[in-house]
Amino acid sequence: MPSRSISAPVPVLAPAPIVSSLVPAAPSGHQNKTTRIFPPFVVAGAGAGFSLFITLSVCFCKFSRKRSSPPAENASSSPRRPSPREFSYSSLRRATGSFSQANRLGQGGFGVVFRGTISGGENVAVKVMDSGSLQGEGEFQNELFFAAKLDSPHVVPVIGFSHDRKRRRLLLVYKLMDNGNLQDALLHRRCPELMDWNRRFLVAVNIADGIKHLHSLEPPVIHGDIKPSNVLLDSLFSAKIADFGLARLKAEQVEISVAPERDGDGSMVEEVESVVTTVTGYEDFNFGLVDQSPESVAKVPGSVSASPEATTVVSVSPEMGEKTDEDGGSVVVMKKGKESESKDWWWKQESNVERGRVKEYVMQWIGSEVKKERPSRSDWIEAAALSSSSSKKLEKKTSKRLDWWLSLEEEDENKKKKKRRMVREWWKDEYRRELAKKRKKKKKMTLEAEFCSDDGSSSVSQWRRGSGSGSSIDWWLDGLSGERWLRARGNSHDSVSGEIAKSCGISSTPSMRGTVCYAAPEYCNLDNNVSEKCDVYSYGVLLLVLISGRRPLEMTGSASEIQRANLMSWARKLARRGKLVDLVDQKLQNLDQEQAVLCIKVALLCLQRLPISRPSMKEVLGMLKGEVNLPELPSEFSPSPPLKTTRKQRR
């Protein structure tokens, strides 16, 4: 029994604590479950949101860069364009139909252009150049050099090239422009699309944008031959600049000054500041006119001091090259106003100051040579004592020498007479020329007086033309006077028919100095003073041609058209009268007069004589688009005040 009493409560008491222990265990187990599940979920959500934010920010940055990158690429897009590929001569021959005349597009300055279709169905223009001429080879190298550097929608791209050594042919392949060049479309075919003012104004803006792109490169590219025949039109009549045969990179001028050094005597030797012209990135091509003749190269000795104010050019002849001074160099630098002393008579012969004394040095030298050969009196006495026959021989020799001396004097006198006669004849010719010039000048003054009386306004360029010489290289700036045109009409009938006018607009360029009427005055000189302002001047002429629909020089044959023959001179006269609207092409449709007058004023600013006075192409483009305010025209283009009439003139 006691065992039963002890074992009986055990099953009764055991469940009670178990139940009590399990009741509070439920909430504790619930708390452990919440701490293990919710924190990882929150962390995962936060991480996902943060990663999503990062991806969105990266995508936004890439999208913004894509939108802002095209202008930067256009500014420096030279490496983007692929280099021209080489074609075989046979493939280009098949593409052009064996260069048939039916596919001929025109004649350029250095070759004939043919139309062709290469593999893939792409239409191209193939220019066949003559490799025998130096100008053709220069253009070929220029085109290939600039092909990979110029990448602009306003520049005609070069697709490829070909060089046939057997036939000595150089070929360039361009992208075909469907509407040809601006010269043909505007002045010959008279395309109806260009009769709309908006289309013509857009062509002017496209050309300005293309030139601005060339000038914005580093180093700047100078086209050198901007004219309508070098502007091509695509299917949408968008203008593109072509023909980089005369293009060049702008040269950088670096002044190198050397400190003065002391000579051995203690005197200061002045060094002349030299200007070194360098072209960056253009070492393989040399398009300047360099004189490499032996007469132009001379060695300057270290002992001769040259001052900056007194350097004169002396031509070095082969005879002079043989004689050198102690330092081993020929004397080739002289000072103005001071005669360089030398022991050699030939150096004095080259001096301009002592030309009249050349004969004296020659006579001294001849006399010294005769004295060397002439025997002395003692020799004559000894010879007479020895034998009489030898004395007779000596007398004969001396008589011959004296006769030779007299013959030289007679020749000198004859030369003097001939020279005097030539001088007299030269004086007569000069006098006749001066009389003829005076007569022409009087005729000009009468014509200008009649012109001023008709206009009622004075002309600045006419006054310059009357005071200046008529043989200036920039004669087209001042305009052709009526006397010149009348004289041309009397001499030839071709000038009346317009052959002279056509010569200024054809695409051929006979020289490496640009095209007449489009080249700037400083570009026509033989110095290397070439800058971007040369293209600005050419663009001014092209802008006047585009607005007026006339050539720079055009003569129809009527006497009333004489004053309008020179387009630049006529524009200046209209600016002084305040009638710029008269210059606009009368066949234009939808004309905006304010915009047309703006274009003419911009062209006049580009046609200023001094390069520093002309605006840059960036400013020109800003003026045309209205982004830059148009400056006032110079006083020579502004309308002149009315003439004051006195009482005596009224009576």
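Placement of Cβ uses the backbone N, Cα and C atoms for every residue, glycine included.
Per Swiss-Prot, the features are as follows:
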CARBOHYD  ASN32  N-linked glycosylation site
TRANSMEM  41-61  transmembrane segment
COMPBIAS  69-87  compositional bias 'Low complexity'
BINDING   LEU105, GLY106, GLN107, GLY108, GLY109, PHE110, GLY111, VAL112, VAL113, LYS127  ATP binding site
ACT_SITE  ASP225  active site, proton acceptor
Spatial neighbours of VAL113 (ATP binding site) that are distant in sequence (at least 6 apart) but have CB under 8 A:
ARG104, LEU105, GLY106, GLN107, ALA125, VAL126, LYS127, VAL128
Please report the distance from the Cα of ASP225 (active site, proton acceptor) to the Cα of GLY111 (ATP binding site), rounded to the nearest angstrom.
16
Measure from the Cβ of LEU105 (ATP binding site) and count the other Cβ atoms within 10 Å, all protein chains considered.
18
Let me know the most crowded of the recorded positions, choosing from GLN107, GLY111, ASP225 and counting other Cβ atoms within 10 Å.
ASP225
Helix, strand or coil for ASP225 (active site, proton acceptor)? Use DSSP.
coil
